[in-house]
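Colleague: Can you keep this structure in mind? I'll have questions shortly.
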Amino acid sequence: MAPTMRKTHPLLKIINNSLIDLPTPSNISYLWNYGSLLGLCLMTQILTGLFLAMHYTADTATAFSSLAHICRDVNYGWLMRNIHANGASFFFICIYLHIGRGIYYGSYLFKETWNIGVILLLLVMATAFVGYVLPWGQMSFWGATVITNILSAIPYIGNNLVQWVWGGFAVDNATLTRFFTFHFLLPFLIAGTSMLHLLFLHETGSNNPTGLNSNSDKIPFHPYFSYKDTFGFMIMLAALALLSTTNPNLMSDPENFTPANPLVTPPHIKPEWYFLFAYAILRSIPNKLGGVLALLFSIMILMLIPSLHTAKQRSMMFRPLSQLMFWSIIANTLVLTWIGGQPVEDPFILIGQISSALYFILFLVLLPLTNWSDNKMLNL
């Protein structure tokens, strides 16, 4: 019998080994769909972004009105803009669920895959931040001013660094044009890094809900999981279409419908909802440098999780105390998200400080401690 082309052709062979004949554990749940959903989000964002970039002008004088032009005069421009803006929210929903799945089922023990995943999270956050500046509304301008200003906390070179990033003495035209450049460039860097993420994942194979070796029970990715992923695609695209057509401004700040004005500061400067937990941690520390370090560490702490794994079992499926800690982390992160959107006044300041301290204590102390306790409880 003649050899199958998909198994012999140099290029098709890579696709075949990644998407068709890939041996996959038979018991992975829908929580394993978020990786492919993130790929779909990235493709959607790149495509809609490309069409938006054809009509957008990265200039302080015309950026805001070019957005109005896209929404009013360009064929389906309103839809492209709404899908792109809400697609970012869906991107972060998927990425947070993907990370949560990784923590719960011990997928972080694939260290290279996990660390590249954390780098991907940082890249996605950077892309979303520079993208939020582009409409040049009030929150775009002041968000850019506040967040880039945190670089000034770096000792000795801080002020020079901020002015270097701004391209002047304030957030202005030079800042907008370079942010547009970064926003265009970074998604392609994310796509390339995602390939590395998959490369390392396919070196080990997927984890599964039990955390046990599944080599004795593998099935081909296609048709079983390709159809399962397609079902996930349909649900997510339907939800994105529904949000983008019926309530497109649900996630956005009304302040951003006012053109940027350096002379008028909005009453409450806050980022999009997906950054609020980190923003709450930044705000809860009175010292500027301390706040910046806490902000950075709130994400980089994910890289420490593999080193803090003290359990004898990989997955939390059979570890009740660790499950309690996991859901405490989720609840605490939701509290931080709520606090990040509130004004800086009592009782929110105190709640934010307690939640921020608890965030680090849960990850660094209580999670390893409960892992160890579970070992004792289960006589391992």
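Glycine residues also receive a Cβ, built from the backbone N, Cα and C atoms like all the rest.
According to Swiss-Prot, the protein has these features:
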| type | residues | note |
| --- | --- | --- |
| TRANSMEM | 34-54 | transmembrane segment |
| TRANSMEM | 78-99 | transmembrane segment |
| BINDING | HIS84, HIS183 | heme b b562 binding site |
| BINDING | HIS98, HIS197 | heme b b566 binding site |
| TRANSMEM | 114-134 | transmembrane segment |
| TRANSMEM | 179-199 | transmembrane segment |
| BINDING | HIS202 | ubiquinone binding site |
| TRANSMEM | 227-247 | transmembrane segment |
| TRANSMEM | 289-309 | transmembrane segment |
| TRANSMEM | 321-341 | transmembrane segment |
| TRANSMEM | 348-368 | transmembrane segment |
Colleague: Find the shortest Cα-Cα separation between HIS202 (ubiquinone binding site) and the binding-site residues HIS84, HIS98, HIS183, and name the residue that gives it.
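Modeller: Comparing Cα positions, the closest of these binding-site residues turns out to be HIS98.
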Colleague: In terms of Cβ proximity under 8 Å, which residues at least six beyond the ends of the transmembrane segment (321-341) contact it?
Modeller: 100, 103-104, 270-271, 273, 275-281, 283-284, 311, 348, 351-352, 355-356, 358-359, 362-363, 366-367, 370-371, 373-374, 377
Colleague: Count the other Cβ atoms sitting within 10 Å of the Cβ of HIS183 (heme b b562 binding site), across every protein chain shown.
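Modeller: HIS183 (heme b b562 binding site): 21 neighbouring Cβ atoms within 10 Å.
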Colleague: Quickly jot the same-chain residues contacting the transmembrane segment (227-247) by Cβ under 8 Å, restricted to those at least six beyond its ends, or write none.
Modeller: 30, 33, 36-37, 40-41, 44, 79, 82-83, 86-87, 90, 94
Colleague: Can you give me the same-chain residues 6 or more apart in sequence from HIS98 (heme b b566 binding site) with a CB-CB distance under 8 Å?
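Modeller: Expected: TYR34, GLY35, LEU38, GLY117.
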Colleague: Tally Cβ pairs under 8 Å between the transmembrane segment (179-199) and each listed stretch (78-99, 114-134, 348-368), then give the stretch with the top tally.
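Modeller: Between the stretches 78-99, 114-134, 348-368, 114-134 has the largest tally.
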Colleague: Quick one: Cα separation, HIS197 (heme b b566 binding site) versus HIS183 (heme b b562 binding site), in Å?
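Modeller: Checking the Cα atoms of HIS197 (heme b b566 binding site) and HIS183 (heme b b562 binding site) gives a distance of 21 Å.
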Colleague: Please identify, from the binding-site residues HIS84, HIS197, HIS202, the residue with the sparsest Cβ neighbourhood, meaning fewest other Cβ atoms within 10 angstroms.
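Modeller: Selected from the binding-site residues HIS84, HIS197, HIS202 on minimum Cβ neighbours within 10 Å: HIS202.
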